[in-house]
Amino acid sequence: MTTHTSVEPNTSFAQTLLTRWRYIKFGLVGASGTVVNLAVLYVCQEFLLASITSGEQRLYASLAIAIFLATVNNFAWNRLWTWRDRHAEFHGGIGTQFVRYGLASWLGTSVQYILTLWLAQHVHYLLGNVLAIVLASVINYFANDWWTFKGNPREVSDDERTQRYQSITFGLLVLAVLVYMFDLGGENIPRNGDELVYTHIAFKTWLQAHATGAWLPLASELDHMRNTKPPLLFWQAMVVPWLGLEWKLLWLRIPSLLYTVANTALVVWAARALATDWLRHKTEPTPFPKVLNANTLGLMAGLIFLGCFSTYRYGRPYLTSAIETFWMNLPFWWLLCQVLRARSQGGQGDNFNPSLSLFAVAGLSWGMVALYKSFVLIAPLAATLFVSLCWLNHTAWRAWFLRVALSTAFALGLFALWFVVDPDPMGVWREFVVGENWGKVSAGGPSYLRTAFVGGFSVWVQALGLLQNGAMLGPLIMGVAIWGLFQMRPAWRARLSGVVQPQAVLWIYVLLLSVFFMVPSQRSARYLIPLMPVMSVLCAIWLWRLPQWAQRTAMGLGTVFSLLGLGFLGLFLWAGWRIDLYPLWGRLGLLLILALQVLALLRLFGTLFSRANTQTLQASWIWLFGLVLSLFAWFGMLSAPLHTTANTYSAEVVAQVQEAKLATPSNFNGDFERWRFLIPGVGKITPYMDHEPNEDADIAQRLKSFDAVVVHRYWNDAAPDCEKANCQILAQRIGLRGRHPAGEINLKSLQTPERVMFWREYLLVKKP
């Protein structure tokens, strides 16, 4: 076995790549391949294949030839130069090695092909090809380094295995961020219905501010839905038109995505810092395998956080979840940083004394929580910080109480500014304090106790909130959480003996806030979303201490949940395929992801149904994280064609309904607001319920009161009869259905999934 240059566990990923001359060689060879690729693509596109009249077909053929010749060029130079030192390791002919090279490069080549076809719709095809090549080259390097030019991929040193884990987790984390960015402005991304309520309030408040200059009071046309959230959330959205940008979902959602990325960065830092602290002190056996260094564990924690469905659903839309998660967690990350710093300086036991910056950060953060979400959250956050400080140093509890009280007072003072500057403070009290906050604590049913222990809002349902938020990774998160409960007694004994355990701060945070969120009568797993970053850190560190049977159980349930999700998305794919929804790049991309998902499932089931060793079990977790990420990517690609130019209204159509009074079907509060993004400049939008009669006579009646009417029709149903309705079909598009009537979805209806998944939306105007 040949041992390659080892890399110190604490060396960063970027430094590792820079120190590897082989990667630089590979990059130079890739650059030559890029030149060949672009040159051949240009020559074929402009000259050799110019006789092909269809620009789309000509691009397909030119791209195929360019990729093939560039692949031959790269294989030759990589074999003769980049991996020349490994010739003795490979037992086989050049033909076998070329086959390996072709198979290993297939993934990168497929990514390049699909991305180029997709990007060519938005930028020049040459620029799109360059961007696609950059991503494909990274994939090709690792595939060829680990397989094509390696005699036996299993014969690797521990240092190389450590580096591989780090490289793979880094690559998956980058891909996860790209998946979160993909189609961010799409109408049909996973979200919560509150998003459109918030956009309505923000837009109406902006119109008020534009006319009068007053950003308060908040404005809304929805009954009893004006002061649903503090003003910072809506002012954040109002910055978009203030900067002169178009009123688009993309611009409204970018802050949420940035907060999610910031939360991920803090998760990566926290897990890496805890792992580094363990390796530095070595006060007990490390809870994680030696082959996983601190960098890998940090990246893995980020993957777990982004792999939670609650993060994907609530961390991208224009909602409060990502924002409140950041500000609620920030003081506790700050506290963890100071605890780790004190340990590095030799601080132990009751000597811990955090700097005043902790309480300044806490006051500011809690104030932001109050001005974005709710002032009620200040109480549990302050109590949790106080308990954490007493756990670390109980002798100074009086000082902690005073400082936390000052931070609390500062935060409440920030929130009180809303009452000072709002011209309608009684409206704030009535709608926000009493209606929005006290309404969630009151009984909300026959009795508070009955609601607490019986029904969908019971504490038993709330106890499964972490499982629900994690979805496919929920079994892993619940397994670690249950294991943590059994460690409370040993942790208490260790604390009595004077041992400071930094992770105790995180466990206290999860435990106390979980108990607090069982108090409101309207319990929801959504309330536990701010706990997911902390649980992701704990999972990355403590997963490896679970018994093998527990790891297998969590992995098995996660795999089954992923398979169920794949089945639902498969139904979505079948429905879209039947109506010819997907272009070529979409079909190829979906099939490529499906092939990778099948490989991941085979690997996971192979691990679960065999006596796999510890190393195989460790690697299989990476496969599960990748499988979950692929499901998110698949969902994004499934719905993306609904947001293309072909399925949106043209500029001519939009111009015809400027300032028009529009009637549109709606099945949820604020659902009608989406038409303000579909038809920029439309006038007053009036919703009517989806289940209301919508026949030709009803359409004609509505057109007497409105300039335009939107009508839904089930797939394959006849379009509105404009002769009877006295209307004109101005445009039509494909819409994604939701909130189906009870009993509509059954085995018979699934035989025509397009009818369940989609409907046609007709934009009708009066007949001229």
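Placement of Cβ uses the backbone N, Cα and C atoms for every residue, glycine included.
All TrEMBL annotations are machine predictions without curation.
Since we're looking at a predicted model, the values are computed, not measured.
TrEMBL lists 25-149 with the feature domain 'GtrA/DPMS transmembrane'. The transmembrane segment annotation in TrEMBL covers 59-77, 98-119, 125-143, 164-182, 292-312, 375-393, 400-421, 498-519, 525-544, 556-577, 589-609, 621-642 (among others).
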Dominant neighbour of the transmembrane segment (125-143) in 59-77, 98-119, 498-519, 621-642, by Cβ pairs under 8 Å: 98-119
Stretch among 292-312, 498-519, 525-544, 556-577 sharing the most Cβ pairs under 8 Å with the transmembrane segment (589-609): 556-577
Long-range neighbours of the transmembrane segment (59-77), counting only residues six or more past its ends (CB under 8 A): 29-30, 32-34, 36-38, 40-41, 44-45, 49, 52, 98, 101-102, 105, 109, 112-113, 116-117, 120, 125, 129, 140, 584
Touch test for the transmembrane segment (375-393) and the transmembrane segment (498-519), at least 3 Cβ pairs under 8 Å: yes
Folded-back contacts onto the transmembrane segment (498-519), same chain, C-beta under 8 angstroms, at least six residues removed: 270, 274, 277, 283, 332, 335-336, 339-340, 342-343, 347-350, 352, 380-381, 383-384, 387-388, 391-392, 441, 452, 459, 462-463, 465, 481, 484, 487-488, 491, 527-528, 530-531, 534-535, 537-538, 541-542
Other parts of the chain folded back onto the transmembrane segment (98-119), taken as Cβ under 8 Å at six or more residues beyond its ends: 59-60, 63-64, 67, 71, 74-75, 78, 125, 127-129, 131-133, 135-140, 143-144, 147-148, 583-586, 588-589, 592, 596
Tertiary contacts of the transmembrane segment (164-182), as residues 6+ beyond its ends and Cβ separation under 8 Å: 13, 16, 138, 142, 146, 156, 257, 260-261, 264, 268, 291-293, 295-296, 299-300, 302-303, 306-307, 312, 315-316, 622, 625-626, 629, 632-633, 636-637, 640
Residues of the parent chain within Cβ reach of the transmembrane segment (292-312), under 8 Å, 6 or more residues beyond its termini: 9-10, 12-13, 162, 165-166, 169-170, 172-173, 176-177, 180, 190, 260, 263-265, 267-273, 275-276, 279, 321, 468-473, 476-477, 525-526, 529, 532-533, 536-537, 539-541, 544, 618, 621, 625, 628-629, 632
